[in-house]
Amino acid sequence: MQEQLLEEGDRMEEEVSSGISFSPLVWVSKFQTMAREAYKSKPISHWVLLLLSSLGMLVAFPASSLLSRVYYANGGTSKWIISWVAVAGWPIPALILFPTYLFFNASPSPLNLYLFLSYVFLGFLSAADNLMYAYAYAYLPASTASLLASSSLVFSALFGFLIVKNKLNASMINAIVIITAAMAIIALDSDSDRYASVSNSQYIWGFVWDILASALHGLIFALSELIFVKFLGRRSFHVVLEQQVMVSFLAFVFTTIGVIVNKDFQGMVSEAKTFKGGESAYNQVLIWGTITFQLGVLGGTAVLYLASTVMAGVLNAVRVPLTSIAAVILLHDPMSGFKILSLVITFWGFASYIYGTAPGTKLS
């Protein structure tokens, strides 16, 4: 079916290049036909799961990002605690996984040495990624941090090309250049949104940690798809849950060790007492941060299984402007002209990337 869609798209391009009458209405009609054929090629359950997974990325992820910023804005200081919150919800996908064994005749994937070591490596990378993002949200406004995180689309494309052999074309390369330019614009506007309590060096480090975390995030996406292809074979949806449980649990182990060594568990009691809104507000921020982050990651991993690194990268990037807009509305983040320009350019980059990944686009 995919080959048929690509052939149809090639014919559309040939019509344009050969001078045959070609109107936007004709293109829309043919695109609708391709979309209808793609829809019919999968069972309805596939599209329902894909919709729920996409909503997990577009709703839960922005919510967890805003909660991280709320934690720091209201008196929280620990980077390790926020990193720990991100993986403390690892039992959530486990609670979804075990019923598939009991009621849907699914069997656990064989856990060989290579697969286990892959999980350990991804768990370590996830723990490091969460810690980097924690530093970014400690020093940057949520809107700025999320815009910088849109660079993960660039890294997802590059690592997907290098590791999983996903194709790159002119539109996708154009998107990479555009989004990189948008990040440069934010860097030029660094003085407009820096908090008074944050030093210039802290702001710069927050910027650096955000970019590094986005690069690592793109690498994790590509490696996750590689594991599906090489070791799990994309057999069924329950393998997505298996991977998420294992990676989140191992990331939880690595992060818990860091929290213990840094003695941050002991500091949670005093931190809760001085938190704006009291201990109840402190606990709610951490609990909801745990739930929303895990649902967002679960949605992202599911999109990898149900679609590809390409779609996961697109959705991961689309959630970025959603987070920025929500931060301006709910947290009253400053929104300068440069940041608005960066947001518009980022949208342009997203559109170019989505066009480049659509069926019918010739690949290099």
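Keep in mind that glycine also has a Cβ here, set from the backbone N, Cα and C atoms.
Here is what TrEMBL says about this protein:
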type: TRANSMEM; residues: 44-61; note: transmembrane segment
type: TRANSMEM; residues: 81-104; note: transmembrane segment
type: TRANSMEM; residues: 116-138; note: transmembrane segment
type: TRANSMEM; residues: 144-164; note: transmembrane segment
type: TRANSMEM; residues: 171-188; note: transmembrane segment
type: TRANSMEM; residues: 208-233; note: transmembrane segment
type: TRANSMEM; residues: 245-265; note: transmembrane segment
type: TRANSMEM; residues: 285-307; note: transmembrane segment
type: TRANSMEM; residues: 338-356; note: transmembrane segment
>> Using a cut-off of under 8 Å between C-beta atoms, tell me which stretch among 116-138, 208-233, 285-307 contacts the transmembrane segment (245-265) the most.
In response: 116-138
>> Would you say the transmembrane segment (338-356) and the transmembrane segment (144-164) are in contact under the rule of three or more C-beta pairs closer than 8 Å, pairs 6 or more apart in sequence?
In response: yes
> Going through 81-104, 116-138, 171-188, 285-307 one by one, which has the most CB pairs that fall under 8 Å from the transmembrane segment (44-61)?
Replying inline: 285-307
> Quick one: do the transmembrane segment (338-356) and the transmembrane segment (208-233) have at least 3 Cβ pairs under 8 Å, skipping pairs fewer than 6 apart in sequence?
Replying inline: no
> Under 8 Å, at least 3 Cβ pairs, sequence separation 6 or more: does that hold for the transmembrane segment (285-307) versus the transmembrane segment (81-104)?
Replying inline: yes
> Near the transmembrane segment (208-233), which residues from the same chain, at least 6 beyond its ends, have a CB less than 8 A from one of its CBs?
Replying inline: 109, 112, 114-115, 118, 121-122, 125-126, 128-129, 132-133, 135-136, 140, 145, 148-160, 162-164, 183, 239, 242-243, 247, 300-301, 304-305, 308-309, 312-313, 316
